[in-house]
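Okay, structure first, notes after.
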Amino acid sequence: MARKMSSTLQVLVVSCCSLLLLCAPAASAGDNPPTAKGLSYDFYRRSCPKAETVVRSFLKKAIRNDGCDASVLLARTATEASELDAPPNETIRPSALMAVAQLRALLDDACGGAVVSCADILTLAARDSVRLVGGPEYRVPLGRRDGATIAARERVVAAFPPPSSNVTALLAAVAKIGLDAADLVALSGAHTLGVSRCISFDDRLFPQVDATMDARFAAHLRLSCPAKNTTNTTDIDVRTPNAFDNKYYVDLLSRQGLLTSDQVLFSDGRTRGLVGRFAVDQPEFFRRFAFSMVKMSQIQVMTGVQGEIRTNCSVRNAAGGGT
């Protein structure tokens, strides 16, 4: 891309793709995963027909201006920690949360309050953010409700295996939520965007360079992370950090995966074939990524009269507020 991608948009892509794991319970080309009960592809056709247009228009403006149950959006209270305090979510920036709040207000203006849930806002923002930086176009079923409780910090940590994980641990983690090896490898492709803190991978640089890491790549990383435990960050995808494409997998083939949990996808025979396929076939990666995103976005979803529709995505409704 000719210019730096909007920081707001980049954060939305990575944040929303990650947060969908907390909003929730090999296919032929063109297939969609089964639709969860209570969701549909035209859920807002009558109640908010402009919903998808509002979200995409906002994100397009974010580029120009540089500008799930969604329980991860709940701010901490006096007695409960927020999911935002959990280590896997520490790189979620305020600009992403501000963007969600702005979308909440725009949708309320277009359709009235308590119509579109915060969980659906996240789902649409993730889908459209990916598309607007070069990724696939795909439809998502809607109709989610928002959770009224903050997920325990332990649940958040358990849902995201640490960056030092091997493939056995990664496969075990995704299997608990109904995902498989193809989903794991495809969804990891979201690392084509975003940044990581040095502390998440500096054990691969110090005291000596990990044998599975390309030496020139290690030298490049040491410019941003000159010592252990620095607070600096660096792009996850060294080739095209501002575009959604398949270069993340090319990184892995070149031994330039940033995190251990990235590089092991190529070094382990159970996932190596998928990495190789996506590295040479971007349309296939896009197809599988879209399938897995729709699948993931329906895990343990709330619908119907479950949960609530938050009027403020960061705060639970007061008694009698929202629906």
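For all residues, glycine too, the Cβ spot is worked out from N, Cα and C.
If you look up TrEMBL, you'll see 1-29 marked as signal peptide.
Annotated domain 'Plant heme peroxidase family profile' per TrEMBL: 38-317, in sequence order.
In sequence order, Tyr44, Ser47, Cys48, Lys50, Ala51 are the residues of the chain that are 6 or more apart from Cys111 (disulfide bond) and have a CB within less than 8 Å of its CB. Per TrEMBL, the feature disulfide bond maps to Cys48-Cys111 (among others).
What TrEMBL records for Gly67, Asp69, Ser71, Glu83 is Ca(2+) 1 binding site.
If you look up TrEMBL, you'll see Cys118-Cys313 (among others) marked as disulfide bond.
Other Cβ atoms within 10 Å of the Cβ of Pro161 (substrate binding site) number 17 in total over all chains. Summarising the annotation, TrEMBL assigns substrate binding site to Pro161.
Taken from TrEMBL, the feature heme b binding site covers His191. Cβ neighbours of His191 (heme b binding site) (same chain, under 8 Å, six or more residues apart in sequence): Ile236, Asp237, Tyr248, Leu258, Leu259, Asp262.
Spatially close to Thr192 (Ca(2+) 2 binding site) yet at least six residues away along the chain are Ile236, Asp237, Thr240, Pro241, Ala243, Phe244, Asp245, Asn246, Lys247, Tyr248, judged by Cβ distances under 8 angstroms. Annotation source TrEMBL lists Ca(2+) 2 binding site at Thr192, Asp237, Thr240, Asp245.
Cβ neighbour count for Cys225 (disulfide bond): 24 (other Cβ atoms within 10 Å of its Cβ, all protein chains included). Sequence annotations record features per position, and here TrEMBL assigns disulfide bond to Cys198-Cys225 (among others).
A separation of roughly 36 Å, to the nearest angstrom, links the Cα atoms of Cys225 (disulfide bond) and Cys118 (disulfide bond).
In space, Pro161 is the closest of the recorded positions Cys118, Pro161, Cys313 to Cys198 (disulfide bond), judged by Cα positions. Note on Cys118 (disulfide bond): other Cβ atoms within 10 Å of its Cβ, all shown chains, come to 31. Those same-chain residues not listed among Thr192, Asp237, Thr240, Asp245 yet with C-beta within 8 angstroms of the centroid of the Ca(2+) 2 site C-beta atoms are Leu193, Arg239, Pro241, Asn242, Ala243, Phe244, Asn246, Lys247, Tyr248. A simple way to gauge crowding: the CB of Asp245 (Ca(2+) 2 binding site) has 19 other CB atoms within 10 angstroms, across all the protein chains here.
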